[in-house]
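Worksheet: the structure to be examined is printed underneath.
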């Protein structure tokens, strides 16, 4: 999904401030995140590579805050209130689960004015619901709309999930931190949906 550079001075300072505010040292935060203290220190120094939206959400959750509170204030990237993304500017990312191409994310236009809004067109490449790979539930609510094909949706308890078959035109709302997974319906090949995280 969307990547945010940890080199941002704003993120580094906000992370350090929040960690200190909740009285955690590097080791305590690292332990809760499954990272090393050196990694946390690197993030606070504006180093450490890139973090995904999911990783930022996990850090925010552990620190009892929001992704927005850990990111610098938005600048204005709009032109008289509008931003346009042309087709050749659209990032395309592969979602891989257990070394299998699972999704292709076509990242739609984003703006600094609404940094938590992440709109995607998702090509769902697997059609075996038995192989559905649950996420752990992410920060931010999610809206889904099925554009093509049928989606087999699972959510909640991974061992005893709730399930629904969503035909073209169906939509669904998923509350933040609810584990979920979706595949194309069994034997249908693939499907396509719009997903908006906010």
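Cβ coordinates come from backbone N, Cα and C, glycine included.
Just so it is clear, the model here is predicted, and its values are computed rather than measured.
When 26, 180 are compared with the Fe cation site residues 138, 142 in Swiss-Prot, the one appearing in that site is 180.
Look at residue 97 (substrate binding site): DSSP puts it in a strand. Annotation: no binding-site residues among 23, 97, 105 have CA atoms within 10 angstroms of the CA of residue 180 (Fe cation binding site).
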